[in-house]
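Peer 1: Marked as active site, for GATase activity by Swiss-Prot: CYS2. Taken from Swiss-Prot, the feature L-glutamine binding site covers ARG49, LEU50, ALA51, VAL52, VAL53, ASN75, GLY76, GLU77, ASP97. For LEU256, ILE288, SER363, GLY364, the entry in Swiss-Prot reads ATP binding site, with the evidence type similarity to another entry. Residues annotated as domain 'Asparagine synthetase' in Swiss-Prot: 213-536. The N6-acetyllysine annotation in Swiss-Prot covers LYS385.
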Amino acid sequence: MCGIWALFGSDDCLSVQCLSAMKIAHRGPDAFRFENVNGYTNCCFGFHRLAVVDPLFGMQPIRVKKYPYLWLCYNGEIYNHKALQQRFEFEYQTNVDGEIILHLYDKGGIEQTICMLDGVFAFILLDTANKKVFLGRDTYGVRPLFKAMTEDGFLAVCSEAKGLVSLKHSTTPFLKVEPFLPGHYEVLDLKPNGKVASVEMVKYHHCRDEPLHALYDSVEKLFQGFELETVKSNLRILFDSAVRKRLMTDRRIGCLLSGGLDSSLVAASLLKQLKEAQVQYPLQTFAIGMEDSPDLLAARKVANYIGSEHHEVLFNSEEGIQALDEVIFSLETYDITTVRASVGMYLISKYIRKNTDSVVIFSGEGSDELTQGYIYFHKAPSPEKAEEESERLLKELYLFDVLRADRTTAAHGLELRVPFLDHRFSSYYLSLPPEMRIPKNGIEKHLLRETFEDSNLLPKEILWRPKEAFSDGITSVKNSWFKILQDYVEHQVDDEMMATAAQKFPFNTPKTKEGYYYRQIFERHYPGRADWLTHYWMPKWINATDPSARTLTHYKSAAKA
């Protein structure tokens, strides 16, 4: 996890502009650097480093003697960099995984380069010989990237929007900042005056397509066909590979563990892989909740079963409420379900940073979208409609769950790794017949649970544990985080304020008091930036005004049972 920042064609004092880059210093607490581009006095790179790989030579922008005209600033992990280096016999100057981007680009251009990368990434690549600038982001947007560009060709790029909002430019008093779309790269011409002109924006990969880099990876050959046992075997192979490749780090690894299916599978597989790799330290797992919450109890059971060094983080309602302002500032969003679910992740990340030496943190993000794990999938009118919804959710991850996972951990200088969003695992899962992936017998993620039933990775009661609403998991059904928040905002937002909400917030007008409260905080930090959120996360196929699973009939029935 690092923070990248760059300016092209700035007409303001660069030393003043560079102060904006300090707003993302939390992403890279180990070192930082600003570097002007030779021959372009108004172009500059900024980098905040979290040293995860190659502590000695990992500073950026990356430049190597063989390509003196290439400048690279990137945030990410390229898991297949060694395989590609050996395959094409590239001569490396460092041990940094990102160096592969320079070699691939020189060999085959930007399209082939980005399609060959197995990992998560956001990058800015400058080619001064050919006068080009390239921006790129991974398929699901696991690593963030924002840009601002004016009509006269001033370009600013940053890992987080907060590093751009205060920049100055002569042609506009208000610089429009927007997220760079996942699964895309952009080509821009670099002009002699340091400004740029966009040439093309290209969507290079669809989540359902097998990635090009699959031709060169070391995953054992998959079995053909869609018979259940064949599919289960292939899923186990790909999931093991997804976890194993993410062990690439020089820092200690930990894992978030809620006791739910997804994080438990990741933790169990991770511990198994660490033992096989003969890693000398015990795996630290981390759970958060209020006292005796279902998540804490389930996570404790998993930790005892797999043998991890387990940490439990307790918080109370006051601490949760007090964290909301910091959380919304970190998230750069006012989406209700994202804010709600981020408080626990923010607080546990804070604990990890202050009390342990774990820096690279695994989690189960992405599984609900990929494997149709949300409770409302029980309402899908057909397997095909469920498939469409799953792909829509994956496409929008960068606005919601992936955003939450990145910002809450990066705020405390941690790096998050998400095996369920592995290219090969996810593309294979999405290639399966729609009817195999839907909930069965009233149980969501049935295929995923069935896949690991005979693996002995987890206790059966965890493997088949019903999905909890997040607010219930970290607290209790009787006094959930959802209810705590509703009671609090009832005293913060009155009916008169709600009656005039459309006048005050004409875009994405909040429909609930909780939504109104979050929007107020957001506007205080980021006035006039409401369009960063195109729409609220909301369950489909039901008439919902609140995203909580507690409002779903199926969940209410299960909770009473």
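Note: Cβ is positioned from N, Cα and C throughout, glycine not excepted.
Help me understand the surroundings of these features in the structure.
Peer 2: The 10 Å shell around the Cβ of CYS2 (active site, for GATase activity) contains 27 further Cβ atoms across the protein chains shown.
Cβ-based neighbour count (10 Å, all protein chains) for ALA51 (L-glutamine binding site) stands at 18.
With a cut-off of 8 Å between CB atoms and residues at least 6 apart in sequence, the same chain places ASP295, LEU296, GLU312, VAL313, LEU314, PHE315, GLY344, MET345, LEU347, ILE348, TYR351, ILE474 near ILE288 (ATP binding site), listed in sequence order.
Under DSSP, LYS385 (N6-acetyllysine) is assigned to a helix (H, G or I) in the three-state scheme.
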Peer 1: From the Cα of GLY76 (L-glutamine binding site) across to the Cα of LEU256 (ATP binding site), what is the distance in angstrom?
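Peer 2: Taking the Cα atoms only, LEU256 (ATP binding site) lies 20 Å from GLY76 (L-glutamine binding site).
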Peer 1: When you tally the Cβ atoms that lie within 10 Å of each candidate's Cβ, which of the recorded positions (ARG49, LYS385) has the highest tally?
Peer 2: ARG49
Peer 1: Sort the recorded positions GLY76, ASP97, SER363, GLY364, LYS385 by C-alpha distance from CYS2 (active site, for GATase activity) and give me just the closest.
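Peer 2: So, of the listed recorded positions, the one sitting closest to CYS2 (active site, for GATase activity) is GLY76.
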Peer 1: Rounded to the nearest angstrom, how far is the Cα of VAL53 (L-glutamine binding site) from the Cα of LYS385 (N6-acetyllysine)?
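Peer 2: For LYS385 (N6-acetyllysine) versus VAL53 (L-glutamine binding site), the Cα atoms are 42 Å apart.
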Peer 1: For the recorded ATP site formed by LEU256, ILE288, SER363, GLY364, name the remaining residues of the chain with Cβ within 8 Å of the site's Cβ center, in chain order.
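Peer 2: Not counting the recorded site residues, we get CYS255, LEU257, SER258, SER263, PHE286, MET345, ILE348, ILE361, GLU365.
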Peer 1: Here's one to test understanding: among the binding-site residues ARG49, VAL53, GLY76, ASP97, whose C-alpha is closest in space to the C-alpha of SER363 (ATP binding site)?
Peer 2: GLY76
Peer 1: What is the biggest Cα to Cα gap, in Å, among ARG49, LEU50, ALA51, VAL52, VAL53, ASN75, GLY76, GLU77, ASP97, the residues listed as binding L-glutamine?
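Peer 2: With ARG49, LEU50, ALA51, VAL52, VAL53, ASN75, GLY76, GLU77, ASP97 as the binding residues for L-glutamine, the largest Cα distance is 14 Å.
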